[in-house]
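Undergrad: Mind looking over this structure? Questions follow.
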Amino acid sequence: MRTTSVGVFKIVTKGPGDVSGLMAMIGSGAIDPKSILAVLGKTEGNGGVNDFTREYAVAALCTALAPQLGLSPEEVEQRIAFVMSGGTEGVLSPHITVFTRREVERRPAGLSGKRLSIGMAHTRDFLPEELGRAAQIAETAAAVKAAMADAGIADPADVHFVQIKCPLLTSDRVEAASARGNKTATTSAYGSMAYSRGASALGVAVALGETGSDISDGDVLRRYDLFSKVASTSAGIELMHNVVIVLGNSAASASEFEIGHAVMNDAIDAAAVTSALKCVGLGVAPQAEAGRELVNIFAKAEASPDGSVRGFRHTMLEDTDISSTRHARAAVGGLIAGLAGTGAVYVSGGAEHQGPAGGGPVAVIARLSD
């Protein structure tokens, strides 16, 4: 098995088109552009169907990296996995997290335990009528397994976060399916985001053995007892396939980072966030074990679909001015930021089948100096 070293760099941005921080790190030699495998980002759009800050950010990054790699911007987008999550409500701060990977001859002497590893895979392009249905679940499950192999992770227990970028429906895509005599899961562009996120998350659950493979189309957005504890899915208009990024710990990794996770049972589950921090030797800011430093936190958030949090009614689902996903990102983002001591954390809205209903997974990456 090959040995790899993974790097993780959190870079603040002044806007969705800001690449100055990344270019500065490349210029200083801190980041080798040829080693960049994935970029996860938070952009200050609305996180909805018409949030073009995600596409803008990807275009800016691809244009900036193209001459560094000797590729066209289109080729850069095929080479690197870009996952932009729109919506930095409340105290959430726009930023990108750059993951690099390079092969090394062996693990350094004295390096103990499993360390952070990353793997990537893509599904095929989906037909509009396949989104939110069994085909998307099955293809995603296969891609998760491929990404695990790419990361050198064999045991599902070592997988702590699976980030997926998935497609959504537009009126043109719905019409294309109809012209072929097929119906889509929904005709609502906004509603399709939930279907696509949910089916993708169930694909993760199937791949990791968190649920059986006998999931039907009717289970998506209905059987909320079926979920993955590590899936994080974000829908966007800019693609028609799923991009799958697996983050976990591997004995084949020589990185100076470690990842752990917990599952929030609801939007105010501070204990779960604290548990995730403790998994990697961290505590509520500024507490940490010697030789441990927080790099970033990744979490999912959603308004509880039953309309209540711990028995008290919430109004996030009834607000016609602000979507429930924006409410949830702001609430969970504030909670995590308070515990982490920073608003530059990755909190994504819409957690269908990603953790229990109303909750969601939370993962923490720490840098180890030992």
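In case you wondered, yes, glycine gets a Cβ from its N, Cα and C as well.
This is the feature table in Swiss-Prot:
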REGION    1-106  region 'RU A'
BINDING   ARG54, SER85, GLY86, ARG197, SER234, ALA235, ARG329, SER348, GLY349  substrate binding site
REGION    115-251  region 'RU B'
ACT_SITE  LYS165  active site
ACT_SITE  SER234  active site, nucleophile
REGION    257-370  region 'RU C'
BINDING   GLU302, ALA351, GLN354, GLY355, PRO356, GLY359  Mg(2+) binding site
SITE      THR325  site 'Important for substrate specificity'
Undergrad: Tell me, in order along the sequence, which binding-site residues from SER234, GLY349, PRO356 have their CA within 10 Å of LYS165 (active site).
TA: SER234
Undergrad: With helix taken as DSSP H, G or I, strand as E or B and everything else coil, how many residues of the region 'RU A' (1-106) land in each class?
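TA: Computed counts for the region 'RU A' (1-106) are 36 helix, 34 strand, 36 coil.
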Undergrad: How many helix, strand and coil residues does the region 'RU C' (257-370) contain under DSSP?
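TA: Taking each residue of the region 'RU C' (257-370) in turn, the totals are 27 helix, 38 strand, 49 coil.
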Undergrad: Given the Mg(2+) site residues GLU302, ALA351, GLN354, GLY355, PRO356, GLY359, which other residues of that chain have a Cβ within 8 Å of the mean position of their Cβ atoms, reported in sequence order?
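TA: Other same-chain residues near the Mg(2+) site: PHE227, VAL263, MET264, LYS300, ALA301, GLU352, HIS353, ALA357, GLY358, GLY360, PRO361.
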Undergrad: Measuring Cα to Cα, tell me the gap between SER234 (substrate binding site) and PRO356 (Mg(2+) binding site) in whole angstrom.
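TA: About 17 Å separate the Cα atoms of these two residues.
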Undergrad: For the region 'RU B' (115-251), what are the DSSP-based totals of helix, strand and coil residues?
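TA: So the region 'RU B' (115-251) is made up of 55 helix, 30 strand, 52 coil.
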Undergrad: For substrate, what surrounds ARG54, SER85, GLY86, ARG197, SER234, ALA235, ARG329, SER348, GLY349 with a Cβ no more than 8 Å from their Cβ centroid?
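TA: Result: GLY47, GLY87, GLY236, THR325, GLY350.
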Undergrad: Within 10 Å of its Cβ, which one of these binding-site residues (GLY355, PRO356) has the largest number of other Cβ atoms?
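TA: Checking each of GLY355, PRO356, the winner is GLY355.
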Undergrad: Just to confirm: which same-chain residues, 6+ apart in sequence, have a Cβ under 8 Å from the Cβ of GLY359 (Mg(2+) binding site)?
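TA: For GLY359 (Mg(2+) binding site), the qualifying residues are VAL263, MET264, ASN265, ASP266, ALA267, ASP269, ALA272, GLU302, ALA351.
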Undergrad: Near the Cβ of ALA351 (Mg(2+) binding site), how many other Cβ atoms are there if near means within 10 Å?
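TA: That number is 33.
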Undergrad: Applying a 10 Å Cβ distance cut-off over all chains shown, what neighbour count does ARG329 (substrate binding site) have?
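TA: Counting Cβ neighbours of ARG329 (substrate binding site) within 10 Å gives 29.
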Undergrad: Tell me the Cα distance separating THR325 (site 'Important for substrate specificity') from ARG54 (substrate binding site), rounded to the nearest angstrom.
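TA: Approximately 16 Å lies between the Cα of ARG54 (substrate binding site) and that of THR325 (site 'Important for substrate specificity').
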Undergrad: Within its own chain, what residues at least 6 apart in sequence put their Cβ under 8 Å from the Cβ of GLY349 (substrate binding site), listed in sequence order?
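TA: In sequence order, the residues whose Cβ lies under 8 Å from that of GLY349 (substrate binding site) (at least 6 apart) are GLY47, SER85, GLY87, LYS300, ALA301, GLU302, THR325, ARG326, ALA328, ARG329.
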Undergrad: Would you give the longest CA-CA distance, in whole angstrom, between residues of ARG54, SER85, GLY86, ARG197, SER234, ALA235, ARG329, SER348, GLY349, the set recorded as binding substrate?
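TA: Spelled out: the longest distance between any two Cα atoms in ARG54, SER85, GLY86, ARG197, SER234, ALA235, ARG329, SER348, GLY349 is 16 Å.
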Undergrad: Hey, what's the Cβ neighbour count for GLN354 (Mg(2+) binding site) at 10 Å?
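TA: The answer is 32 other Cβ atoms.
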